[in-house]
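See below for the structure under consideration.
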């Protein structure tokens, strides 16, 4: 049960006897707290400073992320303080790690503005990460109540509508990022788009840092890219697209670029995570109003999500971005060049795609989550993947994903079209083997070799990249498995 009236009265009396008292005694720790359905829950990994009790550290985090300051203030008496104080209610030691603890904290829903990621984050991650009582702090997971989720739009388009719009079913989407990401002229850029799409890809995309530089202004890029899309679509008889990056210095500039992308016929536009939560939500609202797919590149996330003891787990970003309303987000490959533990990435993908998730500690899911019918976000796998890994990608990531082969398309010795064809044939041969009931994971290399007998570009790709892998142990691994998993 929650604290009794007598207990609360005693605590209130005690806290006004002195200027500074421990957070736990101020009401920010309640081991008997009964969680409400409407509470927002957060799970922090805390590393207290030497000599700081983990319960006091947890209470301090609860206090500083809700109503507290460093000393008693009499104006607390003018508010419903017992309601508005966040409550740390559980502290568990992190398995097999000394001096780290998982702190569970509950926040009343009325502490947050409806439909605002900016307001949510101002409390949850706004000030507490610099707090001296903790040596390090990491936000691992959150649970959003249905009542709160219903105040958010969610993905502008969603997976189901995107498949219908693209007329692509029963397999992952195929894409590639234009390379080199910087330096091409508009005409050459458009040629890359055309070649990749004509060779069999569904999408080409801008990279995170191509905006409107002196070597190629944004209008030039948009026009040449869409010329490539239209010509390739006509030649292939398929619906195709190119992610036009509308990221810019101001919202006015982004709206202008997004409107132009719509005018020239694009079905999808792109933004970067670094534009900020308010800008992301604003663009998601625009995308839904204008019937556009919205792709989000997670540029900058590893500055705070990669280290295991401080920052924020990427699964939290996945949750916030599903609420904010993006349709795509880069979420890891497992086998590529970027950070990606298999169990962690499975948790990211489930967060983006599932209507409801249960507690799954090996995947880092600390709370059950009902997504209140918000649409699905399509995960994007990119960074160091190639055709020879197709069986692993299909096994780890499933069908509901965009597989993006940048260097694995444009680096093909026989040209961009050949690289795209190699990836398309590799994917379709693997999907066919799976649908026939074969053990496509164990037989994957042989399935690819058989397909390559009638596809020269695939054979060339397999020969070129057969020895390429990125076998590094991930820095962010599961806490609840015996042996940390690694890239394979």
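Backbone N, Cα and C atoms are what each Cβ position is placed from, and that goes for glycine too.
Of the residues 242, 330, Swiss-Prot puts just one in the substrate site with 127, 177, 181, 298, 382: 330. In the three-state DSSP scheme, residue 207 (Mg(2+) binding site) is classed as coil. Between the CA atoms of residue 127 (substrate binding site) and residue 297 (active site, proton acceptor) there is a gap of 26 Å. Cα proximity to residue 298 (substrate binding site) (within 10 Å) is found for the following recorded positions from 179, 205, 207, 208: 208. Within 10 Å of residue 177 (substrate binding site), counting CA to CA, the recorded positions 205, 207, 297 contribute 205, 207. Taking the recorded positions 179, 181, 205, 297, 330 in turn and counting surrounding C-beta atoms within 10 angstroms, the largest count is reached at 205. Ranked by Cα separation from residue 208 (Mg(2+) binding site), the recorded positions 179, 181, 297, 330, 382 are led by 297.
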